[in-house]
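Quick look at what TrEMBL annotates:
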- 82-272: domain 'ABC transmembrane type-1' (DOMAIN)
- 21-43: transmembrane segment (TRANSMEM)
- 86-110: transmembrane segment (TRANSMEM)
- 131-157: transmembrane segment (TRANSMEM)
- 203-228: transmembrane segment (TRANSMEM)
- 249-271: transmembrane segment (TRANSMEM)
Amino acid sequence: MNRAVWHPIHAFLGKLLQRRLVFVGLVLVLIWVVLALLAPWLAPYGPDAIHTEDKLLPPNAAYWFGTDNFGRDIFSRILYGARVTVWTGMVSIGIACAVGIPLGAIAGYFGGKVGNFIMRVMDTLLAFPSLILAMALAASIGPGLFGALLAVGIVAIPEFARLMYGQTVVIKEKEFIEASRAIGVRHKSILFHHILPNAVAPLIVQITLGLGSAVLITSSLSFLGLGVKPPTAEWGAMISYGRNYIISGEWWMTVFPGLAIATTIFGFILLGDGLRDALDPHGRTSKK
């Protein structure tokens with residue numbers, strides 16, 4: 001790789017990994033991504049394999065995380081659930097980026113009635129709590145994976161639109177943008193070749209934090225019966241199955257899926273905060 005290209009990348013990675021908590025977040029995220037990819041090879045049992053003679057067993061040598069009320073291996077279901085979690089998070093945030101970023105750029109660049117209308121719609125959506133709005137959308141679309149993906153994606157759109165709007169309003173006043181307009185560069189070219197590249201840093205941070213939010217909301221929808229349908233292995237649904245067994249002592253049915261959700265979200269939060277500080281133009285370098 002060219003030294004001129006590698007040097008800033010190396011400097012950025014060094015600055016990022018100086019923060020111990022950021023490193024922890026990166027490791028947590030990578031662990032779950034790797035587990036999701038390798039689930040078919042790492043899982044000792046199929047996610048839906050039922051062992052009627054082994055129902056509600058506590059963690060043991062044969063079933064590391066115990067079994068559920070159907071005799072399914074919880075460890076295997078958590079591994080396969082990671083695949084659902086990673087995939088739904090990426091798709092839903094992809095939807096939010098594909099819609100929210102162009103809307104925010106158009107509103108910020110052109111302004112006027114169109115821009116004002118777009119941002120008022122975004123502000124209206126932001127006025128609702130994310131989970132409540134996602135529940136309403138999922139219920140309207142219909143329970144299932146598709147409804148959950150669309151609901152979580154729509155809920156995240158205003159955050160990306162608002163961020164891109166603010167970035168565009170600032171960047172479009174820069175001298176190089178005015179120079180581009182003066183020589184007749186088309187608006188589309190200015191937006192995609194000048195404004196968008198200069199807004200990448202905060203967008204990367206928002207994507208990282210958005211993935212954590214997507215995991216939480218998707219799991220919540222599945223817990224409430226508005227997300228992934230059984231028997232698909234999904235962490236929120238697994239907690240929903242196990243909640244009725246907490247009182248009788250089968251704690252492993254909820255604790256292990258809950259830890260999976262918590263560590264994934266925690267990882268994305270730590271990584272997002274680290275990226276935000278590392279990409280900060282003022283160069284805040286206080287270690288966390």
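Each residue, glycine too, has its Cβ placed from N, Cα and C.
Bear in mind that TrEMBL entries carry predicted annotations, made automatically and left uncurated.
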Who are the long-range neighbours of the transmembrane segment (86-110) in its own chain, taking Cβ under 8 Å and residues 6 or more past its ends? 32-33, 36, 116, 118-119, 122, 145, 148-150, 152-169, 172, 187, 190-191, 195-196, 203, 207, 210-211, 214-215, 218, 228
Counting only residues 6+ away from its ends, which parts of the chain sit with a Cβ under 8 Å from the transmembrane segment (131-157)? 84, 88, 91-96, 99-100, 103, 122, 125, 210, 213-214, 217-218, 220-222, 224-229, 232
Folded-back contacts onto the transmembrane segment (249-271), same chain, C-beta under 8 angstroms, at least six residues removed: 21-22, 24-29, 31-32, 56, 58-59, 65-66, 68-69, 74-75, 78, 81-82, 85, 208-209, 211-212, 215-216, 219, 235-236, 238-239, 241-243
The answer for the transmembrane segment (21-43), taking Cβ pairs under 8 Å and residues 6+ beyond its ends, is 73, 75-76, 79-80, 82-83, 85-87, 260, 263-264, 266-275, 278, 288
